[in-house]
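Enquirer: Sharing the record's features from TrEMBL:
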- B:Glu44, B:Val319: Mg(2+) binding site (BINDING)
- B:Cys63, B:Cys66, B:Cys352: Ni(2+) binding site (BINDING)
- B:Cys66, B:Cys355: Fe cation binding site (BINDING)
- B:117-283: domain 'NADH-quinone oxidoreductase subunit D' (DOMAIN)
- B:285-358: domain 'NADH-quinone oxidoreductase subunit D' (DOMAIN)
- B:107-127: transmembrane segment (TRANSMEM)
Amino acid sequence: MKKEYSKEMLAEICEKFPEVSIKIHSPRRVYMRISRDKVYDFAKFLFEEKQLRLSIATGIDTRDGMEIIYHFTLDEVGTYYNIKTVIPKDDLKIKSLTPFLPAANWIEREIHELLGVDFIGHPNLKPLLTAEAWHADLQPLRRDYADEHKEIKIDKKTGGLA
Amino acid sequence: MRRVVPIGPYHPLQEEPEFFKLIVEGEKVVDLEINIGYNHRGHEFISPTLTWDQVPFLVERICGICSDSHPYAYVLAVEDCAHVTPPPRSQYIRTIIGELERIHSHYLWLGLAGHFIGYNTVWMWVWRYREPLLDLFELIMGNRNHYAINKIGGARRDIRKEDFPKIEKYLDLLEEKNAMFTKAILDDPVIRARLEDVGVLSKEDAIAYAVTGPTARGSGYAIDVRKDDPYDAYDKVDWNEIVFEEGDVLAKAKVRLLECDESIKIVRQCLKNMPEGSIETRVDEIPPGEGIGRHEAPRGEVFHYVRSNGSNMPVRHKVRAPSFMNIASNVVAVRGYSIADAALVLASVDPCYCCTERTFVYQSGKKKYSGQDLLKLSWEKTEKLKRRYKK
């Protein structure tokens, strides 16, 4: 059996969410773009009705804003369905997926601490990876971070930034 | 009354830093808090400062145990981005190394699991037969660990014709011993009593927490990248996916033991059918775009995402190790069991905290060894191994 994305599913997506723009990179890699208000409903539809598995999410700091990609996968056909959304930089907020999808818990915490995106409705947005003494407003994966903090001085007493 | 029992960050049983806060009522665990981040090294930050060809060397050092899986997933991601298909021979070589690594990693876990339950005989026996495999790696690629076999567009080293019989010889030995372990471990009433019905992760929880690898397959959640999204030589060989429904620690142990048999099968077929030809295609440029690579590592699905803007460096490189999902599922797996079971349940997902640190200078007796001296020692040992296998 040749494994690739299912055309019926994409047709159903187009019907239910007409604003989604779909780009097919290769038979098993599909990228979809959607506005940030619709991400919650769309992800809920994919997880609860289509039984997709959330593999991980990626946060990228781009010129247009903060881009978040949710990588969902359908294991029966081995296809990745990636949902992309862009959040404007002056309003870094998006609805959290954790209430219905526990797998999103850690990655949302990670994106919150490394990129500074607020996930509304997340039960516990504590830093996951960085040290306790790390400044909460320093997000290492943002573009402006590398310019401002080329030389980082460590306070020997606390282990945090001086 | 609720009390807190801390395990970690430094604990004699767990070699790697991770902090589990068990909240207990009497002997029973009612809740669990997990703190990680003692080992954060910022790979995703470093990666965009390196060129495409330098990144495999960086990601190889994310993990010391499954050091083949991260570069493997990374090169698959870049090849997906650039629409490159590596030559068939290199695909077989990569598959062989990936499967041999699975055997060595599962044996490492099995030995440690024996050690965790106080059954040191299992630990010593299993590791005795893991050791020749590491020697085999050194013989083929010059390193016991960090094999550096993956390269964008192919493999970096060929497996020589004269090494084939040595691999076959080891597989014969392993097949016999793996059957022995399977029988010894599954027939032992003490091990059964210790592992059965402990740390049950139900299928619903496995799906909600999106666990991968043997942790998922032990809970009846049949996902395996090698079957679902076959890459390289995996769709050209015949093997079975091992799935058990129970979800307890014993089921996970069974999955790992029986998977070793399947790995032996895959390596045998690859050695038999390996085509001749070149081992790499030249990749000059990575076009703008994005790519996803996934590889079934011993612990589950490794996921790499790269984005390119056409320059010689990635713009963004996302790495997801399987333990990132598996460790989080401990919160439900450990609930309701006693404190004595907790250490075993936490270890049953085969957690990998990516701990390897590299050392350049160390002192033994009076002689100071530099990096060069250590390299020389390593070469000498490889030569010794070659002589031994010649006899």
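The backbone N, Cα and C atoms fix where each Cβ goes, and this holds for glycine too.
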Enquirer: Excluding the flanking five residues on each side, which residues at least 6 beyond the ends of the transmembrane segment (B:107-127) place their CB within less than 8 Å of a CB in that stretch?
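Expert: Distant Cβ neighbours of the transmembrane segment (B:107-127) are 13, 65, 133, 181, 184-185, 190-191, 194-195, 249, 253, 256-257, 260, 298, 343-344, 347-348, 350.
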Enquirer: What subset of the binding-site residues B:Glu44, B:Cys63, B:Cys66, B:Val319 has a Cβ sitting under 8 Å from a Cβ of chain A?
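Expert: Listed in sequence order, the binding-site residues near chain A are B:Glu44.
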Enquirer: Expressed to the nearest Å, what is the distance separating B:Cys66 (Ni(2+) binding site) and B:Val319 (Mg(2+) binding site) at their Cα atoms?
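Expert: On Cα coordinates alone, these residues lie 14 Å apart.
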Enquirer: If you count CB neighbours within 10 Å, which one among the binding-site residues B:Cys63, B:Cys66, B:Val319 has the smallest count?
Expert: B:Val319
Enquirer: Cα-Cα separation of B:Cys63 (Ni(2+) binding site) and B:Val319 (Mg(2+) binding site), in Å?
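Expert: Cα-Cα, rounded: 12 Å.
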Enquirer: Which residue counts does DSSP yield for the domain 'NADH-quinone oxidoreductase subunit D' (B:285-358) in the helix, strand and coil classes, in that order?
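Expert: The counts are 22 helix, 26 strand, 26 coil.
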Enquirer: Can you give me the average pLDDT across the domain 'NADH-quinone oxidoreductase subunit D' (B:285-358), rounded to a whole number?
Expert: 85
